[in-house]
Amino acid sequence: MQLKKILEKIGPGPLVTAAFIGPGTVTVCTLAGIDYDFTLLWALALSILATVYLQEISGRIGLITQQDLSELIRNQTPRKVIKLLSVILILAAIGLGNAAYQGGNISGANLGLGVFWEAPVWDIGQLSIQSGSLLFGILASLLLWSGNFNRIEKVLVGLVLTMSLAFIVSAILTKPDLGKLAIGFVPSFDPGKFPTVVALIGTTVVPYNLFLYASLVKKKWRNPSSLPSMRTDISVSVILGGLVSMGILVVGVANPSTQLENAQDIAKGLSGVFGDLGSFLMGFGLMAAGMTSAITAPLAGGLVICGVLGWSQEIKSKSMRGSMGIILILGIVFSSFGIRPVTLITLAQLANGILLPVISGWLIWAGSQADFLGKYKNSSLATSIGILIWLITFILGMKSVGTVMGWF
């Protein structure tokens, strides 16, 4: 009965899980396991806590104000110069960023498919077209173009559950040393591990998810009495995503490979550990991870672009379809033709590095303002915790900017 009550409270939270567990997360978590055994599980635990905290504020703002973050930033910023800079930063980080990374999402799904079946490559003159990537791109486009949000939500929940089951069962099959696994949750500070710690936290604390969840919450719930349901929704979803990330790291510990060229090598490397079952589970997980991100990236990008520019956010509107369509088309082109848009990715990394501490700081500030949330504002203790979490996002942001600028 208790489980049924929890399931009834689940709303758009699984879409957040769908968004942050993508091919990049699979690769980063696996490499962390291969390189450092279980010793960085604490970093994933920390990232889960930070993400739940920030996403809860995002959802609370969306529910109480009935506006998403992009609308609030547009409406509540009095100075035109600051408003213009905010709009440019958000569009660059999320609009441009999601378009740049969409190709990787679709390609990741195709790599998962490759564990079972190598989709043909069509050579047309000097061009080579990855038919599998084209297929996944078209499937994501058709689902989003249908304009049926309930259907999109159900498909994503199904894919998230499939992905979660695949990765967690894979981790259990490796029969990890529980003693070493438990010790991995004890923080340890080694300068050599810092880049991987930053990467692990960075795959979970994602700026566009903060915008996405506020947008979806205001569509799902309209009454402050739904706050407990919203909190259950996002907490369960993020914790599930965190367990999936941990499961992937555990699989990485068991993976005999020392070098990985792509995420597909992760699945293939496990066949020698526990047979074809392990490879198939990881293949399914990778395929689902790529597909969920390939659906949520255009959806989130469209909502943010339309929100910050004051356009309609209805999924069937011309503005939403146009915004999502641009991201989808670029992703399909990049993945199908094997193009890596280095300049776009670099600009997106730079913009996201700046946006993450800015938006998290703004969230923590807004969450403590009675003007926004009235009696639902943060307590003094929650704000103090938020400052510590902001420091984490600041470090993440500076690491991202520093990498792009060549400082590290």
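Positions of Cβ are set from backbone N, Cα and C atoms, glycine also.
According to TrEMBL:
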type: TRANSMEM; residues: 12-34; note: transmembrane segment
type: TRANSMEM; residues: 40-63; note: transmembrane segment
type: TRANSMEM; residues: 84-104; note: transmembrane segment
type: TRANSMEM; residues: 124-144; note: transmembrane segment
type: TRANSMEM; residues: 156-174; note: transmembrane segment
type: TRANSMEM; residues: 194-213; note: transmembrane segment
type: TRANSMEM; residues: 234-254; note: transmembrane segment
type: TRANSMEM; residues: 280-310; note: transmembrane segment
type: TRANSMEM; residues: 322-339; note: transmembrane segment
type: TRANSMEM; residues: 345-367; note: transmembrane segment
type: TRANSMEM; residues: 379-398; note: transmembrane segment
Cβ-Cβ under 8 Å with the transmembrane segment (322-339): same-chain residues at least 6 beyond its ends:
95, 98-100, 102-107, 110, 127-130, 133-134, 136-138, 140-141, 144, 294, 297-299, 301-302, 305-306, 311
Using Cβ atoms and a strict cutoff of less than 8 Å, what residues sit near the transmembrane segment (194-213) while being 6 or more residues removed from its termini?
12-13, 15-16, 19-20, 24-25, 28-29, 31-32, 35-36, 40, 43-44, 46-48, 50-51, 54-55, 58-59, 62, 68-70, 90, 93-94, 97-98, 234, 238, 241-242, 245, 296-297, 299-301, 303-304, 307, 352, 355-356, 359-360, 363, 392-393, 395-396, 399-400, 408
Contact yes or no, the transmembrane segment (40-63) and the transmembrane segment (280-310), 3+ Cβ pairs under 8 Å, gap 6+:
no
Look over the recorded stretches 156-174, 234-254, 280-310 and say which has the most C-beta pairs under 8 A to the transmembrane segment (124-144).
280-310
